[in-house]
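Below: one structure, written as structure tokens.
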């Protein structure tokens, strides 16, 4: 029994494999589950179980993703692997599978390839905080100097996109040989697991972050004041604390005078809970859906940001035609739509359905945002794209 209890208290970390097609991402995923299951318990997953990834929908977008789990002595990992390049792009932009760290797989036989670069860039844009490199197929390269060269190229590429290339762990291995049980190579999988444990810090839990609640509804209760409802996204709000109302209009301060859940009064509302928050001295018309309630000073409203977006294909129910500069859709953040205009990168005239692209967005009203916030692009209530705030500008 004691073992079960211990399992549940292990920190939970989300990771995934990224890298160029056919460099061995799925084979590595299978090798990790197989080797770690033998070493530390858990269940092995075969290559074809992982490769045959089920379809799932995230924000109306179809993505093929495989989810596997494995344990090290100190942590529990949830790991995502995607069969196709397009699935990676969609996954990273929608945040369907948020990664605390990524394992970049680079075949020693090829070195860095176009998708290697694209996945590193995407990782930077969507806020993947840590990358570890697994140089795969090293059993097929006899020349030590060639291995050195590939490693150097990968490190330079990481540094180019503001990852610490010189300090990144690089493990040289062979996923296939490890999967076949060759001990020299299974040791490299254990080494990779140890690098995950030591290099990726334990993610901060939502409850430890500053309080934020996206406002879904506003009511006025006679004799008591104004109540806003929503699901607490992060942090804790306690009765008696000062909070800010941020977004759409000028930021205002107010005090939380009550928290209720299912008509019961509570002392506080915590991350993940659906609550009503009573606000002192706030008028019904001062607050609206689309604003957020937040710890004072923790989040600011912005109208201009750089984003990475994926435009749905026609088959996904997206647009049938491209759009051009001057396109004015709605941008759906958390609970509301705000109209905005777009600026396309230099030299890009139009964007086709199915493309992913970097664009600068200018909203007509400010929204509470940080880098990493996800949004949908909509036309008349229909989702035509998904995006992530890469960098707030103004």
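Every residue gets a Cβ built from N, Cα and C, even glycine.
According to Swiss-Prot, the feature GTP binding site maps to 19-26, 81-85, 136-139, an assignment based on sequence analysis. What Swiss-Prot records for 26 is Mg(2+) binding site, and it gives sequence analysis as the kind of evidence. Here Swiss-Prot flags 10-204 as domain 'tr-type G'. What Swiss-Prot lists as region 'G1' is 19-26, and the listing cites similarity to another entry. Summarising the annotation, Swiss-Prot assigns region 'G2' to 60-64. What Swiss-Prot lists as region 'G3' is 81-84. Here Swiss-Prot flags 136-139 as region 'G4', drawing on similarity to another entry.
Location within the structure of each feature annotated in Swiss-Prot.
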residue : record           : DSSP (3 states)
19      : GTP binding site : strand
25      : GTP binding site : helix
82      : GTP binding site : coil
138     : GTP binding site : helix
Cβ packing number for residue 26 (Mg(2+) binding site), 10 Å threshold: 23
The residue listed as 'Mg(2+) binding site' versus residue 82 (GTP binding site) - Cα distance in angstrom: 8
Secondary structure content of the region 'G2' (60-64), with strand meaning DSSP E or B: 0 helix, 4 strand, 1 coil
Nonlocal residues around residue 25 (GTP binding site), in sequence order (Cβ under 8 Å, 6 or more apart): 17, 18, 19, 81, 105
Cβ contacts of residue 138 (GTP binding site) (under 8 Å, same chain, 6 or more positions away): 108, 147, 172, 173, 174
C-alpha spacing of residue 26 (Mg(2+) binding site) relative to residue 85 (GTP binding site), in angstrom: 13
Chain-internal residues near residue 22 (GTP binding site), provided their CB is under 8 angstroms and they sit 6+ positions away: 107
Among 19, 82, 85, which are binding-site residues, the residue with the most C-beta atoms within 10 angstroms of its C-beta: 19
